[in-house]
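Structure first, commentary second.
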């Protein structure tokens, strides 16, 4: 607590528990006037929970919040807004079909005799946006502008409403380099005006570009708060990832690179509008990592290989014979498996039990007329619950009640039960806690040691480096580089991702 | 096995309780409501009447349950009943043999199901709109078949379907019991039940898991068409004639209600055919009870609605959550005991 008088928002000893999990365990956080404070941590570290406790979206279980020296207890986000805490989310949470001016003054439109003064509102909206160096037609629908402009409108509204603390939750995720610069200019102006700004992002470049201090959370715990200038990047990553991961990395990296004959061969495989044609050879027992920014075609590559989209060029061979990958069902018949990125939407069948979720793909492959007996189902479920350490009180528990990491392991179990030859994992460690994270990485090593071929897509480059025998780098929906052997380092990946453009946000 | 039986018992408990309460209520008003007598080797009585009159809705509920489990709905079943009844009557009037008449009617129902299934699974039209098409057009088709008149027939075989008896039970009762149990066994003894539930809960994830989603949806709507065809046959045989305008009128709504009263969510997923069959009987018991109570007919619909609202309120998530809260202590004790064991 240095320089207390300059602190605008102080959270002390914040505790938030959810059924079965402690999301925040006595976390302290302080925000000074006129600083940009980056809040970092992996998915599931507790960043958004902390934000939600500060904005009243969640009620904290313990701890105090102090704003400007006064203790506060926002009941909901509206309350927090009135107190002076404004939030801008990654997905702009304004109303796209209303005009810019209406969005800025929604709920507090200037009125005369109960009627909204549209002219007055437009004048004020134009003036407000002019402060941010933006000159647009405020009568047009918000959705007719780019995401960047929408972000600025959201910020303008939040600052105008609240004016003390601004929380930016991954505001740059879908912006291009120029737009990010424009946004950062605005943030710096606000900082100069004395606002306290909390900045959440996954792009470490931007953290070093913009922030004054950094607070790192991991697994619901405060790891530490440091000045950005005196925190080397390597140390920051270590703070974020922790040490458990590194010991695993070494174990897996020790496994030698597979060097057998090519088993799966995709030549000139592509689909227009999804991913440009690519060549990819995969050996047995090999882990091929796929790296690239969001929207670079990573998931599209996976979906194309699994038959979710039908390729319109090229061919796929397995052991020299042409393979039919025209639908997921056909791909599964060829021995493929696919753990999708969006677990909730594409993976779990929420209301069904853990057991049913595990046996589903195997049962679908056998067909409805050849049901697995209760005994077989229970045995399968129990085996994988034990082998993958899926934490559930009971195999009959609906899977939606499990934590993210355990859901992910159950989906993995669904595919392992089919005994696949070729398994595609799209972001297998996203949004899961550190423990499950390390286990999934250990599993990847084990599976490839058993001779399974794996494709792993991940934004966590350290992770990719640890277990991949080769790494394919994607940019703008094309495969742009293939790294092998000693080329596999995060630095090389970042360079390849950055390529011609300078927007290499991921460390 | 014992676990499964226990789970089934717990699942069906609310429906059994609701049915029992309604029957007891009617019994209080009519002391001889439960009496059953045998005449000419056939059972007679109010309870048998409920089973018999409830046959069309019970049959429709079987197919509707499966369709709703896939997150769909089939509004066309009432109209399909009319079409199939008209086809059967026309065939009988032509002098076709009974078997051909039955095959034609059932085949027509299946074709209607294929049409709905095509719209839903291939063209991806929302089920409520897709089946609305046939709901509206169906009665027109039925009228075309009957050429606008009420087609009456005298084939004793066909009439037997509606008013004959087998082992002392009216034929419609035998048909819905056998058919309902057969379908229930089919979906639960094979993997169909689980696959249908998976598709209903998360169609995309199911497809990614290798389930043949379109085929399964098609099968669900075909089953619904088949159920409507059999229900249409029973109604037509019962009045010995095909009435294109009134056969099965509004029965799709009763069938949906039976499924909902049976505790299957309209959002798809977990389903129980047996529970829907009990649901159909609950609705018929209410109908029969009100009719025999001698209330002026204009009250019937209102009382029916009131009873159904009460059943649905008891089943609503809010009230269920409240009841869970009240019984949480006992549940906790249960689980504590189990873990000790």
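Every residue, even glycine, has its Cβ placed from backbone N, Cα and C.
The model shown is predicted, which means the values in this text are computed figures rather than measured ones.
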Study note, to complete from the structure: Matching B:190-212, B:213-235 to TrEMBL annotations, transmembrane segment lands on B:213-235
Practice item. Among B:31-49, B:50-68, indicate the range for which TrEMBL gives the feature transmembrane segment. Key: B:50-68
Point to revise | Criterion met for the transmembrane segment (B:99-120) and the transmembrane segment (B:274-295) (at least three Cβ pairs under 8 Å) | key: no
Review point. The transmembrane segment (B:213-235) vs the transmembrane segment (B:274-295): three or more C-beta pairs under 8 Å (separation of 6 or more)?
Key: no
Revision key, fill the gap. If one takes Cβ-Cβ under 8 Å and requires six or more residues beyond its ends, the residues near the transmembrane segment (B:12-30) are 46-47, 261-263, 272, 274-275, 278-279, 281-282, 285-286, 288-289, 292-293, 307, 311, 314-315
Exercise for review: Sort out for me which stretch, of B:75-93, B:166-187, B:274-295, B:301-319, has the most Cβ pairs below 8 angstroms to the transmembrane segment (B:50-68).
Suggested key: B:274-295
